[in-house]
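A.B. asks: I have a structure here, written as structure tokens, and I will follow up with some questions on it.
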Amino acid sequence: MKGYIKLENGLELAGELGDEAQPETEGEAVFFTGMTGYQEVLSDPSYQNQILVFTYPLIGNYGINLEDFESKRPQIKGAVFYECCEAFSHYEAVYSLQAYLKKWKIPFLHHVDTRYLVKNIRSSGTMNAKITSVPAANVPPIKLPEHSGGETSTHGNGIQHTVLIDFGFKKSILTALIERGQKVTVLPYEKMEAVFDLHPDGVVFSNGPGDPKQLAGYLSAVKKIARAFPVLGICLGHQLLALAHGEDTEKLPFGHRGANHPVLDRETGKVFMTSQNHSYVVKRNKGTQELKIRFENVNDGSVEGLFHPEKQILSVQFHPEANPGPRESEWIFDEYKAMMNQTGRVAIYA
Ligand SMILES: NC(=O)CC[C@H](N)C(=O)O
């Protein structure tokens, strides 16, 4: 059955509806440039309310396994592919990508000229979009995703205790912490002040969907926590730490979503490849300068991470937990651990 993706700027492209029973969806159209990693990306909570366009022309060829989910369900509102292949081959795969999307009633469109579509999004900027079976549909305004923190839960049995403040965390962040000897308490962000009763060795502010300014009501709590414990902020968590310290954020024209974004560490002069998924960034040279820039994006010079010169505060815009993408920034978790042991950050960079 024929279907369409219509953008807010009027562009309409035809394709084939993947699931005729689910022909309609709306969301912010964003694009992901990785060649692999679709399972992790589709289940990453930071993609809530978005229609995800895959730039790589063949997606789905290694199927879906039971291990690589970043959360319990797909988080996107819809997906667009050039080819979303039905046949798959991988020793761990249990069903096809198409079957996964159909199971969760996620509308998707394939056989779309995704190259043309993405070039249009790149020149017009991120826009709202609609997937539909009806040509010339209207694209309604899209609401920002609601942050909804989950349940409090405890994981791992390490000696050190990290509280992970949950804005919609990726499972791989939890795994990276447990692998580094942490007992982790996941705390929904609405209850973040309960961290003071838990007396952890450190606190991690997670990734999450939407605009960080939606969470303005929590910034004083974020700052209070950053004054009391060694803290690491990842993606949305980084943006919140910045806002809490008087910095500002802005929206990028079409975001960074992929597995090969080069980042420069200004401390060491080293460049490494990172996994990224964000629309918003911390503005350069704004605010109080209480936090300093540690990392920057090599392609567009945007801020990729901050630190506090005297306190144990580190934040990264990229995803050190990878999944999908390169693992060469996993050492950020080791640096967080060194901060907790009071041997990192201040000692290293004073
Ligand atoms: N991965 C994330 O945490 C994304 C943060 C925020 N939602 C953004 O798009 O910039």
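Placed from the backbone N, Cα and C atoms, the Cβ positions cover glycine too.
Checked TrEMBL, it gives:
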{"type": "ACT_SITE", "residues": "Cys235", "note": "active site, nucleophile"}
{"type": "ACT_SITE", "residues": "His319", "note": "active site"}
{"type": "ACT_SITE", "residues": "Glu321", "note": "active site"}
{"type": "BINDING", "residues": "Ser46, Gly208, Gly210, Leu236, Gln239, Asn277, Tyr280", "note": "L-glutamine binding site"}
{"type": "DOMAIN", "residues": "1-132", "note": "domain 'Carbamoyl-phosphate synthase small subunit N-terminal'"}
{"type": "REGION", "residues": "1-161", "note": "region 'CPSase'"}
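Let's see these features in context: how buried, what's close, how far.
C.D. replies: The secondary structure of Cys235 (active site, nucleophile), as reduced to three states from DSSP, is coil rather than helix or strand. Residue environment of Cys235 (active site, nucleophile) contains 27 other Cβ atoms, counted within 10 Å of its Cβ in all protein chains.
His319 (active site): 28 other CB atoms within 10 A of its CB, across all protein chains. In this structure, His319 (active site) is part of a beta strand by DSSP.
Listed in sequence order, the residues of the same chain lying 6 or more apart from Glu321 (active site) and placing their CB within less than 8 Å of its CB are Lys170, Ser172, Ile173, Thr175, Ala176, Ile234, Glu330, Phe333.
Secondary structure from DSSP puts Tyr280 (L-glutamine binding site) in a beta strand. Neighbour list (Tyr280 (L-glutamine binding site), Cβ cut-off 8 Å, at least 6 residues apart, same chain): Asp211, Pro212, Gln239, Thr249, Glu250, Lys251, Leu252.
Secondary structure counts, DSSP: the domain 'Carbamoyl-phosphate synthase small subunit N-terminal' (1-132) has 26 helix, 43 strand, 63 coil.
Each residue in the region 'CPSase' (1-161) has a pLDDT score, and their mean in this model is 95.
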A.B. asks: Which residues does Leu236 (L-glutamine binding site) neighbour through Cβ under 8 Å, counting only same-chain ones at least six apart?
C.D. replies: Ser46, Phe167, Gly168, Phe205, Ser206, Asn207, Gly208, Pro209, Gly210, Pro212, His278
A.B. asks: When neighbour density is defined as the number of other C-beta atoms within 10 angstroms of a residue's C-beta, which of the binding-site residues Gly208, Gly210 has the lowest density?
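C.D. replies: Each of the binding-site residues Gly208, Gly210 was scored by Cβ atoms within 10 Å; lowest is Gly210.
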A.B. asks: Measuring Cα to Cα, how far is His319 (active site) from Cys235 (active site, nucleophile) in Å?
C.D. replies: 7
A.B. asks: Whose Cβ lies within 8 Å of the mean position of the Cβ atoms of Ser46, Gly208, Gly210, Leu236, Gln239, Asn277, Tyr280, the L-glutamine site, other than those residues?
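C.D. replies: Neighbours found: Phe167, Asn207, Pro209, Asp211, Pro212, Cys235, His278, Ser279.
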